[in-house]
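Q: Pasting a structure here, questions to come.
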Amino acid sequence: MSKIFLKGKAIIAMLLVIAVLAFAGCSGSSTKNSSTNGNKKQVVLTLWYPWAGPDGDAVVSLAKEYSKTHPNVQIKAQMVSGAGIAATQGGGQGKFLSAVAAGNPPDLVLYWGQDALPGLADQGAIIPLDDYLKDVDTSKFFEAAYNAMKYKGKIYGLPEMVNVRVLFWNKDLFKQAGLDPNTPPKTIAELDQMAAKLTKTKNGTIEQMGFIPWIGQGVPHVMAGVFGTSLVDSNGNPILSPDKNPQLLNLLKWEVSYSDKYGAMNINKFIAGMSQNSSQANDPFVLGKVAMMISGEWQINANKQYNPKLNFGVGPIPQAPGGKPMPSLMDGNTWMIPKGSKHPQEAMDFIKWTMDPQRIADTADKVYNIAPIVEAAKIQKLNNDPYFKEVLNVAQKGSIYYTPAAKGMLSTETAANNAFQAAQYKKSTPEQALKNAQAEAEKSLSQ
């Protein structure tokens, strides 16, 4: 073997080492910290995660692998409904704050969203992570996903997985309606025109809908971004009333136009018994009852699982008047370290370890999500899936927005949801519904 060849191998090896070290901040722990120091007593790290199923299984698998490869740290992963934060059928709400108040919180918590972060920070229930991130190259994250973790100038969480919203359409229903199955709507106007052609009624009863704006991920905080606005201003204050947010009024009027055209009660009767949330076995898109729906990348797996014969397409959400092209909300699951965590450094070491590009890409593949690190997302095996490839295209090239970290975000979302539902079902005019929502949100914020 020649010396030239050996030298070349040495250079390649050195470059590989440099490449690994370049991401050291997001891929593991220094041998000097307490997670890997063999001279220190074993640490038991408690971790709460919010759900069962594949997502929960993935967390447990990571905890077991870390415990096996880091003998000085044993992670006890425990499923607590909603992570003890959100209101769920499992009744977990309040457990997290109670544990913090009692001085016995988990060392680490994984939550299924970002909306709770500001409130928890204001209550002193979670700690800022800035001091733990000095060796982390945070530019590796999707910008919107990382920025959503900022509140009052500090970082209170890290993204575990991210999601985007896209349009799904039923190609077979497009063909039946005389539409090109490979040409989805590019604008809201085109969406409305196609929806009309795709809707079927018989004796005044709806048998098939082309599109229903408010099912799936058509909720106000998602759709506001499509119309180029938000539910809160740059200071986190609610902007729901028509005088403060005319674009939100335009959004609601557009949604109400479907109630006007097809009948609010007719639509309600049509979707009764179906899940209005996406990715369920009985959601109207999976059942082939609604031709187009806005949802997240998880819908791909649901379509395949619950209706393997479903012939569907995936692409950007159509552009709205006043909105940007290829709009999409990016959000996802959030790692947070509770106030009173007995092992915050070890908790952060584990988070960094999960962020190894290949490891987090593999995890994202298991749960059909997008890895929060740009380079990791590019190496996901799911990129070989033509549907997921379209999702990643939106994540990388779309007009991405995120839900701002605002103190009253949860109550503002609730107020907006109530207003939209009232207007959709003709219990109020769009203008009055949004005025009421503004008052409701401001009242909640002042309490």
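Heads up, the Cβ atoms here are built off N, Cα and C, so glycines get one too.
A TrEMBL annotation is a machine prediction, not a hand-curated record.
OK, TrEMBL features for this one:
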- D57: Zn(2+) 1 binding site (BINDING)
- H70: Zn(2+) 2 binding site (BINDING)
- D115, H221, E413: Zn(2+) 3 binding site (BINDING)
- H343, E346: Zn(2+) 4 binding site (BINDING)
- 1-24: signal peptide (SIGNAL)
Q: With a radius of 8 angstroms around the mean position of the C-beta atoms of D115, H221, E413, what other residues of the same chain does the Zn(2+) 3 site pick up?
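A: Surrounding the site, in chain order, are V219, P220, L231, T403, M409, L410, T412, A416.
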Q: Closest of the binding-site residues to H221 (Zn(2+) 3 binding site), Cα to Cα, picking from D57, H70, H343, E346?
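A: Among D57, H70, H343, E346, D57.
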Q: Including all protein chains shown, what's the count of other C-beta atoms within 10 A of the C-beta of E346 (Zn(2+) 4 binding site)?
A: 24
Q: Find, for the listed binding-site residues D57, D115, E413, the residue with the lowest Cβ contact count at a 10 Å cut-off, counting only other Cβ atoms.
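A: Candidates: the binding-site residues D57, D115, E413. Fewest Cβ atoms within 10 Å: D57.
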Q: Cα of E346 (Zn(2+) 4 binding site) to Cα of D115 (Zn(2+) 3 binding site): how many Å, rounded?
A: 25
